[in-house]
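To keep things clear, I will list the structure first and then write my remarks on it.
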């Protein structure tokens, strides 16, 4: 599939020995995926189709207790504060590890492309520098942290919880 034309497929896999409750939050301006939070039993998978230009994040929630009759409850890690299995536009609360994605439109029409598509030519703005100064560990512009950002053209993604074979 060409991700620039059709978006991208995200497959969430649970290789943990226990159930997890992944959360999903679309960024402002991106339409939500088919779910904003769901239960994923051990060995389970769930697939989502993201449209072109989708951006957002996935994270795992663990230690969740949800009342089966109301679907209300909380999680020990990654809780989103909605008190439901669906996060409904709420973000993860620490502690949580986020996997963030931006599906760029066809032709690489994304920020910092073409002649500006490198750390040497895509520099921070004064606004991103202001945020970086206030929060040094925050990610504030396209090439802010070369060790934790990656670019893949035309890719689909598999997000695997507990990827180690030793579990």
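All positions are counted from 1 along the displayed chain.
Just so it is clear, glycine is given a Cβ too, placed from its N, Cα and C backbone atoms.
Because TrEMBL annotations are produced automatically, they should be read as predictions rather than curated entries.
Residues or ranges marked as disulfide bond in TrEMBL: 16-162, 64-75, 80-87.
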Between the disulfide-bonded residues 16, 64, 75, 80, 162, whose Cβ has more other Cβ atoms within 10 Å than any of the rest?
80
Integer Cα-Cα distance in angstrom, residue 87 (disulfide bond) to residue 75 (disulfide bond)
11
I'm trying to understand the geometry here, so how far is the Cα atom of residue 75 (disulfide bond) from the Cα atom of residue 16 (disulfide bond), in Å to the nearest whole number?
16
Among all the protein chains here, how many other CB atoms are within 10 A of the CB of residue 87 (disulfide bond)?
25
